[in-house]
Each structure stands twice: as C-alpha cells, then as structure tokens.
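Listed in TrEMBL for this protein:
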ACT_SITE  Tyr152  active site, proton acceptor
BINDING   12-14, Asp33, 59-60, Asn86, Tyr152, Lys156, 182-187  NAD(+) binding site
Amino acid sequence: MGQTAIITGAGQGIGEATAYRLAKDGFNIAVADINEQTVTQVAQNLRNQGFEAKAYVIDVADREAVFQLVDDAINDLGELAVFVNNAGVAFIDSVIDSDPDKISRLFDVNLKGTYWGIQAAATTFKTQGHGGRIINAASLASVEASALQSAYSASKFGIRGLTQSAAKELAADQITVNSYSPGIVRTPLRDSIDARTAEIKGLSVPEQQANCLTEIGLGREGSPADVAEVIAWFASPNAAYITGQTLLVDGGMHFS
C-alpha cells in the first residue's frame, strides 16, 4: 500500500479536482462526500484511469464518522499522508434574516467539520510518528467578509484561526497545517451563491456574475483546477517548511 490522501467534499468542484490532482502525484485517494452518487462516480472515474481510489459517504458534521473515515481509509488504502478538509456549505441572506437552522448547519459542517478533520488526522499522524499534512478550505471570505454571507464569512474566519492555532500546536510533531482561500471559482456551490445573490439584489444571474468579474484582477473566474494546484503544492515536499499559512487563490481580488 502507498500513501493515502483523504479529501472531504470530493464529489464535485474543488474537491473532485483535488482528488485527480493528488492521484497524479501518486497518492491513493479516499474520496469522501455526503452525496453517495457523486462520490461513487468520482472514485470510479479515478480507478478507470488507473489510480487507487475508494469512495466514502460521510457527513463531516459527525465527529465519530470523521474518525471512522480515517481508520477505514488507512485500512483500505494505506498510511495517511494528507488530509484535505474541503467540505463546506453556504447560504446567502441578510444578517437579520438568516435562518437559525441554516446557521447551525453551516457551522456544523464548515467549522466543526474542519475541527473534527484536524483532530482525526493529527491523532493518526502522531501515532504514525513521522508528520503529515492537514490542508483546510478557507475562502476569500476568511480575510474580507462579504455582505449577505455573514455566517459563511464567520465560519471561514474561524477556519483561518483554527489553522494557525493547530499549526502552532502540531509543528513539533512535523505536522503542517495550512489553508487555501479561493475567490470566485466556478463550482456548483458558486452557482447557488450567484443565483441567490442575484435574486436578493434584483439582478439576473449573468448580471451578478459580470459584476463579480470586474473585481478580479486577472479578468477571469478561477477553476477548480487552479485551486487544486495550490492544495497539491501544500501536500508536496516543496511546502515542507510552510505551516500556519492561508494562501489566497483569487486572481488578484485581495492583497495581503
């Protein structure tokens, strides 16, 4: 068995692109997602291309399920080397009108789910005894909050803080913890964000997307593959001396 990379939220979008990218780097891929149909298809597509991959259906809000995912992936695919906390949800609404149940679910998935992933991966890395990589999904909203995204922005600010704190605690064990902050990347999640934002603002979806495009210095939306390249770099030997960092992948929307 080789080294294993676990990717949550890997049934589509950035997670799916990351699964393919890390497979090309030689990792065995644990493709994890709440959607059984999509995650099964991604794993099958990887196997059809000659890669070692297995699908796992999981809700990352369930701490015990996340720990079980790590155990199952190691048993099926080999020693854990990389854990990508990519799973996330979003909803668009004003801070006044945001639904309490939606807020709770968002924090359960985005922030707590990332917390459980860090705990499960770090526990395993300590047992294995030779370090590892934890890579978390932050967002442009983790450095510059967006209107109509109060809960989402708060969860992503939390992930950036969690990344820094965990990195300080785990560095002595040679476990690096970093995060990536996508800007406007065309994914199914982004489609839903654009549709709801356009509805609230009284715009058409093309008008909303055109307005967003003017904010991107490089003049185009990002692709899932653009973000997957950054994740692959964090997982590579080239990033062995990098920890506690959040890297913007936004085409020049924000500078820090």
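Cβ atoms here come from the backbone N, Cα and C positions, even for glycine.
With a cut-off of 8 Å between CB atoms and residues at least 6 apart in sequence, the same chain places Ile7, Thr8, Gly9, Ala10, Ile14, Gly15, Thr18, Ala137 near Asn86 (NAD(+) binding site), listed in sequence order.
Same-chain residues at least 6 positions away in sequence with a Cβ under 8 Å from that of Tyr152 (active site, proton acceptor) are, in sequence order, Ala90, Phe91, Leu106, Asn110, Ser139, Ala141, Ser146. Sequence-distant neighbours of Lys156 (NAD(+) binding site) (same chain, 6+ residues apart, CB-CB distance under 8 A): Asn110, Ala138, Ser139, Ala141, Ser142, Ser181. In the three-state DSSP classification, Ile14 (NAD(+) binding site) falls within a helix.
In the three-state DSSP classification, Thr187 (NAD(+) binding site) falls within coil. For Asp59 (NAD(+) binding site), applying a Cβ distance below 8 Å and a minimum sequence separation of six or more within one chain yields Ile34, Ala65, Val109. Comparing the binding-site residues Ile14, Val185 by how many other C-beta atoms lie within 10 angstroms of each C-beta, the top residue is Ile14. Between the listed binding-site residues, namely Gln12, Thr187, the fewest other CB atoms within 10 angstroms of a CB are found at Gln12.
Secondary structure at Tyr152 (active site, proton acceptor), as computed by DSSP, is helix.
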